[in-house]
Amino acid sequence: MRDNIIIITGITASGKSELCDNLIKKYGNISIVNCDSKQVYKEIPIITAQPPKQEEFYRLYGCVPAKENYSVGLWLEDLKGEVDHALENARMPIITGGSGLYISSLINSLSPIPKVSEEIRKNVSELRKNLSKEEFYKLVLSKDSKIQGKISTNDLHRLSRALEVITATGKSIFVWQESRQLPLFDNFKIYTILPKREDVYRKINSRFVTMIESGAVDEVKKLLNMNLAPHLPAMRAHGVPEIIKYLKGKITLSEAIQIAQTNTRHYAKRQYTWFKNQFPNSEVIDCANKLIEFEIF
């Protein structure tokens, strides 16, 4: 267990990366530990907006091959190692990122769900792809009645996870979630960055254009040439599916940009709702760099 852990989270394009750069300038002896489920993949630094390679300050960024199915359980193991390493070297760890499941598992502890086999994941992915939303929901409901009223028809990610778990273990994911381990840390301080929506949406639009100009298309082309399974997390990073459609000649680049921007804005909208409801004890900040004025340690 560790005390006084700082967590900086918030929606996508809220200014977390710029804030971290400024915190490094202010404090120096800190380690920024990644808490973004897509920024761990080393083949997609542009499309996931990873910070520059500065291993002295930034940890768990671009460290996992895209062919891997990195999980929250593996992240918690790696996180503990990075926090221990930072404290042993007189550096203060700051955990930052916008992956809600990662943050939630860190604070509330993780359910001890056994690992799901790659074969089951592929089978569920195929079912999700070949069935309509309504058909997929009915299928999952027929296997796990506990999802009723807890997972919506549109939440395909959570539906897929529920089907994977009950197929692999014979028990509902909600049964597993009732049995939790001890949290990793005793005390933590959470800062949640939630700027004005119009500012975030504008940043999302401009950031994706910058990604394209910085080589995101070539980056995704190399990823596509790896012939990875479409259900892998790296293949589902924001912007990747849209660029793949462009590379396959299904849509124009302009359409890919527009669709990716729209999908990311919709994701940000869902994040707003999620973060407002999940962490009642966090300190909400409407501008990331306001945190520079605080003494967070």
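Note: Cβ is positioned from N, Cα and C throughout, glycine not excepted.
Residues or ranges marked as ATP binding site by Swiss-Prot on the basis of sequence analysis: G10, I11, T12, A13, S14, G15, K16, S17. Around the Cβ of G15 (ATP binding site), the number of neighbouring Cβ atoms within 10 Å comes to 21.
For T12, A13, S14, G15, K16, S17, the entry in Swiss-Prot reads substrate binding site, with the evidence type sequence analysis. Residues near K16 (ATP binding site) in space but far in sequence (CB under 8 A, at least 6 apart, same chain), listed by position: I8, T9, G10, T96, G97, G98, I193, A288. K16 (ATP binding site) carries a helical DSSP state (H, G or I).
Look at Swiss-Prot and you will find 36-39 tagged as region 'Interaction with substrate tRNA'. Distant neighbours of the region 'Interaction with substrate tRNA' (36-39): 48-50, 61-62, 70, 72, 75, 97-99, 101-102, 233-234, 237-238; these residues of the same chain sit at least 6 beyond its ends, with a Cβ under 8 Å from one of its Cβ atoms.
What Swiss-Prot records for S99 (among others) is site 'Interaction with substrate tRNA'. All chains included, 20 other C-beta atoms sit within 10 angstroms of the C-beta of S99 (site 'Interaction with substrate tRNA').
Packing around R121 (site 'Interaction with substrate tRNA') is summarised by its Cβ count: 19 other Cβ atoms lie within 10 angstroms of its Cβ, all protein chains included. In three-state terms derived from DSSP, R121 (site 'Interaction with substrate tRNA') belongs to a helical segment. The site 'Interaction with substrate tRNA' annotation in Swiss-Prot covers R121 (among others) and rests on sequence analysis.
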List, in sequence order, the same-chain residues at least six positions removed whose CB sits under 8 Å from that of S17 (ATP binding site)?
A49, P51
Round to a whole number and give the Cα-to-Cα distance in Å for the pair T12 (ATP binding site) and S99 (site 'Interaction with substrate tRNA').
9
Secondary structure at I11 (ATP binding site), reduced by DSSP to three states:
coil
Excluding T12, A13, S14, G15, K16, S17, please set out which residues of the same chain place their CB within 8 Å of the center of the CB atoms of the substrate site, keeping sequence order.
G10, I11, E18, L19, G98, I193, V200, K203, A288
Within a 10 Å radius around the Cβ, which one of these binding-site residues has the most neighbouring Cβ atoms: T12, S14?
S14
I need the CA-to-CA distance for A13 (ATP binding site) versus S99 (site 'Interaction with substrate tRNA'), whole Å please.
13
